[in-house]
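**Q** Dumping the structure here so I can ask a few things about it.
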């Protein structure tokens, strides 16, 4: 209820601050019999890890995950899966500046007002470091969905600043440090980001996340429509300010005769809907977009106030991510995976006799 | 769990199909002592009601709500508030065409696959008629928030097709049939919609919803951030395909030094964040935008398939809404009200000693 | 969260006071395709109804239930089932005495302190009248469980005052006004209750409820063990003060070598456990007992205080149930049915590949 | 939903098997500002720990708890509190016998059927070792309740086999190895348990748990009455088969004129109800009783079947608890504390303006 649990049937509850003893999570409700190892989780954790290129922060977080329970002889047992990552880099630092004033654009101000006190070390609970546990848990969901339905979930960065991808070529995404799907724009991106780094500033980004081979039937109207829950999952990622499903804001200027996806005996003729109709998956690929703000931890001085309300200036020292959107790629995949996993179980609870299936259009 | 309940502490559970005996809702968790009457609910129901202008469908739905329980001597008692609207216009009609094939862009196809059967009369549960109950329940939340904090929640239509509002003048919103905040565009809208109606087509819309006087401190990180829950609430409205908080997708091209809202002794210097920082309300106005697709119930013939998977043509007969976005104005307000109400109670449960307050910047 | 919803996947949310406009419930999560009619619900409602014998209160409550939604062409559609019973007997009465003081043994005192106000008419929400909706919803669960697994759920009264059943003969239970399973004790019961009625007093009762043909595998350790949830369900019935599963309090004096149910190739050799091991159903009959206190609404004067805290005397006028335990028989069955139904769905969500089954001991 | 979370607002989610890497828990929703240290948790963990007397098992489990997050500078921050206890004694053992057959009276059989596989090492998740985490989390709740309301929660063993306490003297409870409140019976208990140990058998027990200084107003009718949730909490403890609130099963033979607790200007004249009326705390002490079965892990040979369904004999080797009820004392206290804590927060969410208070009878 205090917001640290995601999902209703396949639940992930996380704990941990950026500078505490460690991070952890409990996955509850995982079906028994799934083969899973720490290496399965580590793969996505490594994609999220900072310090992998010149365009991400140079902080070192080995992020080595340990499975504490719920797996026996290589398989999930149906009991809760406990995960822990110990924080290795907690050297004491001088937080006096950050402790006495609120960084603009950060959660410092709101946490302090909400709870009446705050762990000011490196952002505490509001640090993006917490997303490591989402990525670890998402890897479990991804593996289940892949094995059960052949579902593939992939995200990429489709825009940074004014540089937009003009095509989506999944084959190049993992081969460049921007997770960018259009290799004709890599040079422009390199130039943009070097410039941003030089200015000690940061820049926003747009991501696209796609799930293919999703069976028809996932999603619970009225309030927990699949698209509503996807919006919840993605808007819950640090720095996200906008979410679209399918054509998103482009629908504002569309006519009904353009937007509706017509049906043919071979399937849908288009996918303006982004794979969701009436809040339920249609069997088409699910397509969502998200907008991430530029990080507020920058080297450009800004106006703020201190705890007593006096005017002050603030500047974030040390390396930071010039574009936090880049490292959000595995997080977006994880959140979509967790959403689909949860909805698969919700569907199955009520409708196990109507097996959700890959879209055979002519039969329920 | 099957998606018909909204909220965790101030919960609204709804039932009802467009052509069944009626609609209903149970509000559970309303604080005791709130003065409420059926008239309080009826006001917003009337704003949502069809048939009020030439630009909305001509169907007649009196939508007269009855409070069945939970109110005694004019005040809520803390026990569940039962609401019922009886369906008066359920005359039998010929549904054979709609029963045998799937309307493109509708939930027909997905409901049939999810449940293995469907109530095909007028959309059944997927009909926008169901939103009447959200509006009724939202009116209770609105009244509480207004009395407790002076919170005001208002929505308007800021774009239809290519016609955009260039200013937001709340004084003109309720005075025109488009809930449009820029009266210099009313003529263009009239022309646009007459044209759409003549073509028997439909058109998308963008709405903006704003809550002012929101106290600082609402929202539960990590997963149930206030903005994530707002995204869930708004994306769960029929036809919505995109949601933005604050600057939304504009952040993609912003720099950190532009986007972050600086703090001064007199408050924030800007509101790019849309009133939410780190998932917690900052005390600034909450600003969200939503994109609504053009309705798929149009008089333009389209390709579809029948239950056996054979190609077919389909056309929706009778009057329909040329722009469903217009009638969504009170729904958007209701969903934002329900979200804030629920988060107020969630905050209070954990932090009652840190009263959430109007933003006195210098004290928690 | 305010306690008016039962279940997590097959949820029942109720509303209504004894003297308001009516009672209602929403069943959410019912699997689609179940044949159900109002008559199916009415059967158990009639078993619970007052005024059916000289041993129950003479109040007239026709309790005619209406299905408002969720059923189409005789079958559940998977959408929420709305139920309403209108209150027909709400004639205005003089409640001034009851409004000004607290009936001892009633919820008057605690509701007033909890909510700061109360609907004092006939007990308001705390009236046992509310249980009508549990019985109606329970009938839906019973029908599903019967069709899916052949589960039979039956309750009877096994003790009233000092009169104990010495055998359980289910064939006689529905044939006597006490739902008593031992027909050699009917005369003694008649005498006991006539005496109680003459004294204007009331008497406690013990009930036994049994579910047979329950598949092995239902129940979610650690906290939501099947027996823990049965205890929650049964202790939540008005007037219940004790719950036992299997041997219950008799285990205090048992040795481990006596209590444990040994296994043989033909099944368990005994059922001391009452059908639950480690919180999970074992495939044996589930057996529970519950103790119901004597109603506090009696014609014997008692000491109380008024709203100002002054000493007062109080007496309940009019006919009341001399033994509320009798009418609780269908309620106990309904609550056990709702518990099993919910756990069936919870099990299926996680373990659909391990179909819960009638106990074939040698295979999982 | 898979049962590893307790509570709705103050939630405790646990993980861990008896022979895995360790145990853990996440407490979510703890109010900020509570002073808490590992020592606060360790005190009750030590009371539960095995090997402290000749009457409990000789296994060594140091049970050293570590607070991973959620506490900063000695105070809770409102963010999730992560707890971990590493398993130190996991030496590999020969589990081949236990792996191939089902111990009668254990969860072996039901886990295997539910999940299709099981961690057979020492009971896995069904081991009572899991309760260590409940005790640790309960200690946090206890401390909050004590500081906020002065609530004291104490349990004792009131019967083992045929030896009953005839008085409750709290002063002697912590001074004897049975947590027994009647020191005239200690010799008889010593004799009984020596005898049971000699027979390699085990014996049942009855516990009583009392909370004093509970404010009036806690509990959520209809389904989540305080007594229903207490029954859920206590019946969810390993080995519990019966729960009573107040007079419990004694009410069966009581008359209404005896049972009802009359009110006087100085408070209630008696406490047959056990501190709960209409599902809401009355301000009187909450009194509950629970019955624990004798452990099934005994040195007396028993009949069972193997995985193929063939008849087999089984015997548990090594030391075991002759009476598991004894070590359940801190667990019962913890579960009652967690229940009250959760209900306090649920009450506060809805009714913060009606502060729940120590019972000043004359005012709400």
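Cβ atoms are placed via backbone N, Cα and C, with glycine included.
So TrEMBL has the following annotated:
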BINDING   C:48, C:54  NADP(+) binding site
BINDING   C:125, C:126, C:127, C:238, C:239, C:278, C:293, C:294, C:295, C:296, C:297, C:319  FMN binding site
**Q** Which residue among the binding-site residues C:48, C:293 has the fewest other Cβ atoms within 10 Å of its Cβ, if you could check?
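**A** Sparsest of the binding-site residues C:48, C:293 by Cβ contacts within 10 Å: C:48.
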**Q** Using Cβ atoms only, which residues of the same chain lie under 8 Å from residue C:297 (FMN binding site) while being at least 6 residues apart in sequence?
**A** C:103, C:106, C:202, C:316, C:320, C:321
**Q** Work through the binding-site residues one by one (C:239, C:293, C:295) and name whichever has its CA nearest to the CA of residue C:54 (NADP(+) binding site).
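**A** Nearest candidate: C:295.
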**Q** Between the Cα atoms of residue C:293 (FMN binding site) and residue C:48 (NADP(+) binding site), find the distance and write it as a whole number of Å.
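**A** Cα-Cα, rounded: 18 Å.
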**Q** Compute the C-alpha separation of residue C:48 (NADP(+) binding site) from residue C:127 (FMN binding site), stating it in Å without decimals.
**A** 14
**Q** I'd like to know which of these binding-site residues, C:127, C:295, is least surrounded, judged by other CB atoms within 10 A.
**A** C:127
**Q** Of C:48, C:125, C:293, C:295, listed here as binding-site residues, which sit with their C-beta under 8 angstroms from a C-beta of chain B?
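**A** It is C:125, listed by sequence.
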**Q** Select from C:54, C:125, C:127, C:293, C:295 the binding-site residues whose C-beta atom falls under 8 Å of at least one C-beta in chain D, and return them in sequence order or as 'none'.
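**A** Listed binding-site residues meeting the cut-off: C:125, C:293, C:295.
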**Q** Tell me, if you would, which residue among C:54, C:125 (binding-site residues) has the fewest other CB atoms within 10 Å in the structure shown?
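**A** Taking C:54, C:125 as the binding-site residues, the minimal 10 Å Cβ count falls on C:54.
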**Q** Are there any residues at least 6 positions away along the chain from residue C:239 (FMN binding site) with a Cβ closer than 8 Å to its Cβ? List them or say none.
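**A** Residue C:239 (FMN binding site) has long-range Cβ partners C:128, C:292, C:293, C:295, C:324, C:325, C:328.
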